[in-house]
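Enquirer: Starting off with a structure, shown below.
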Ligand code: TYD
Ligand code: MG
C-alpha cells in the first residue's frame with residue numbers, strides 16, 4: 001500500500017508545499033495553508049492539462065480536420081449570448097457566484113428548456129434532495145422530458161452514470177460537494193475540487209458531453225473557491241448581483257468559444273429567472289423627473305451600452321470632517337472629480353457632505369461615467385435640475401479636460417433608442433456621433449464648458 005503523505009495546500013490559490021507556512025508565498029494570503037493527505041502523488045496537476053486526446057505524436061496543423069462545432073441553444077437567449085452562441089459539445093463550463101445568487105435556478109431552467117427540446121440532460125446535485133429539485137422544477141414549469149436527476153457526491157459514481165446513460169448535457173451542482181475516494185482530504189478542499197474537475201474534464205473531452213460545474217465563491221479560507229479551476233475549464237461564467245436586489249448579471253470572464261465581453265441580464269422573480277432584454281430601460285425605471293442631482297450617463301457592460309442614473313446629494317455638513325459616501329462607483333475616482341471641480345470651477349464642497357450613487361445597485365468602474373458624476377454634483381450643488389432628456393458621457397482628467405470614450409456612437413444610439421434627445425460627450429467623439437438621428441450631440445473639451453450646458 002502506498003505510504004500516505006501530507007502536503008499543505010493554499011485554499012486560495014492551490015499552492016502546495018510539504019512544509020507548513022504561515023503565509024502562502026504564491027498569493028500572499030495568511031493562514032490559508034491546510035493540511036491535506038495524499039495517498040498517491042497528486043494526479044490533478046497532470047490531468048489538469050487540456051486536450052488529453054491521448055495522441056502520441058505531434059500532428060501537422062494543416063492536416064487537422066475540424067467540424068464546425070455544433071452549438072446547442074439553451075432556450076435562454078441571454079445565456080446563449082454569454083456562452084458565445086450556445087453550448088459547445090465537449091466543453092466544460094464553470095458557473096461561479098455567491099451562494100444564493102441563483103446558479104442552481106439558472107442551470108435548472110436551462111436543463112428544463114433543453115429537456116423540452118429533446119436533449120438528454122443529467123442534473124447531478126450534492127446540495128439538494130431530489131424532492132427539492134422536483135419542487136423547484138415544478139415551480140419553474142417545462143415538461144421535464146428527457147431530464148434525469150441524480151443526488152450523488154462521489155465522482156466515481158457520477159462518472160459511471162455519465163458513461164452509462166451518455167447524456168448530452170451534464171450539470172454538477174456543486175463542485176464543492178464532490179468527493180473523489182482516492183484523495184484523502186475533505187470535499188471542498190483544493191485537492192478534491194481540482195481532481196474532480198480534472199476527471200470531469202477528461203470525460204467531457206473524450207465523450208463530447210458538455211459539462212456545467214457550479215462553484216460557490218466563498219469567503220477566504222472556508223472552502224476552495226472556483227478560482228483555482230479557472231485555468232482548467234473552457235468557459236468561466238460569473239453570476240453577480242446583490243441578494244437584496246432582484247436583477248442579476250451573468251458575465252463571461254473566460255471563454256474559449258466566444259467573447260468575454262458579453263453579459264446577460266436577468267431578474268429573479270417568483271417563477272425563476274426572467275431575461276431582461278433591455279437593461280437600460282430596466283436601470284432607469286423609477287427615475288425621478290425634474291429633480292436636482294439626478295443625471296443619466298452611459299457605461300459599457302461588455303459590448304452592450306447600458307444607461308444608468310447617477311445621483312448626487314450635497315448637503316451642509318454637521319461633521320467636522322464632511323462625509324463622502326459613494327456606492328456603485330469608485331470612491332477614489334469620486335474624490336478626484338470633486339477635487340477637479342473645486343480647483344477648476346471654484347466649487348467649494350469642503351463644508352458639504354457628498355453622497356453619490358449609481359441607482360439600481362449596479363457598480364460602474366468605467367471612466368466614461370465621470371462626466372455624469374460631475375453633472376450630477378453640479379446639479380445638486382446649484383439645486384437645479386438637469387434636462388431629463390440629456391445623457392452625459394466622458395472621462396474627466398486631472399486638469400478638468402474631457403477625454404474621449406470608447407464605443408461612443410453605440411452609446412449615443414442606445415440613448416436615442418430610449419428617447420433621449422441630447423448627448424453631452426467629449427469633443428473628440430463628436431465627429432463620429434454627429435449624424436445619429438434623434439439626438440443632438442454637444443462636444444465638450446473641459447468641465448468648464450459643461451457649466452453652460454446644464
Ligand atoms: P439558488 O439558485 O438556489 O442559488 P444558488 O444555487 O446560487 O445558491 O437560488 C437562490 C435564491 O433564489 C433563493 O434565495 C430563492 C430565490 N428564488 C426566487 O426568488 N424565485 C425562484 O423562482 C427560485 C427558484 C428561487
Ligand atoms: Mg445552489
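Glycine residues also receive a Cβ, built from the backbone N, Cα and C atoms like all the rest.
Bear in mind that the values here come from a model prediction, so they are computed numbers and not experimental data.
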Enquirer: Quick check on the annotations: TrEMBL lists motif 'RadA KNRFG motif' for one of 254-258, 259-263, 264-268, 269-273. Which range is it?
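Expert: Feature motif 'RadA KNRFG motif' in TrEMBL: residues 254-258.
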Enquirer: Taking 8 Å from the centroid of the Cβ atoms of 97, 98, 99, 100, 101, 102, 103, 104 as the cut-off, which other residues in that chain fall inside it around the ATP site?
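Expert: Filtered neighbour residues, in order: 216, 239.
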Enquirer: Could you give the residue numbers and ranges of same-chain residues that sit at least 6 residues beyond the motif 'RadA KNRFG motif' (254-258) on either side and whose C-beta is under 8 angstroms from one of its C-beta atoms?
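Expert: The answer is 69, 82-85, 88, 91, 230, 233-236.
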Enquirer: Average pLDDT across the region 'Lon-protease-like' (353-454)?
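Expert: Here the predicted model's pLDDT, averaged over the region 'Lon-protease-like' (353-454), is 94.
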Enquirer: Please report the DSSP secondary structure of residue 104 (ATP binding site), reduced to three states.
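Expert: Residue 104 (ATP binding site) sits in a helix per DSSP.
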Enquirer: What does DSSP give as the helix, strand and coil breakdown of the motif 'RadA KNRFG motif' (254-258)?
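Expert: DSSP composition of the motif 'RadA KNRFG motif' (254-258): 0 helix, 2 strand, 3 coil.
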Enquirer: Could you give me the DSSP helix, strand and coil counts for the region 'Lon-protease-like' (353-454)?
Expert: 40 helix, 25 strand, 37 coil
Enquirer: Neighbour count, 10 Å Cβ-Cβ cut-off, for residue 102 (ATP binding site): what number do you get?
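Expert: Around residue 102 (ATP binding site), other Cβ atoms within 10 Å: 21.
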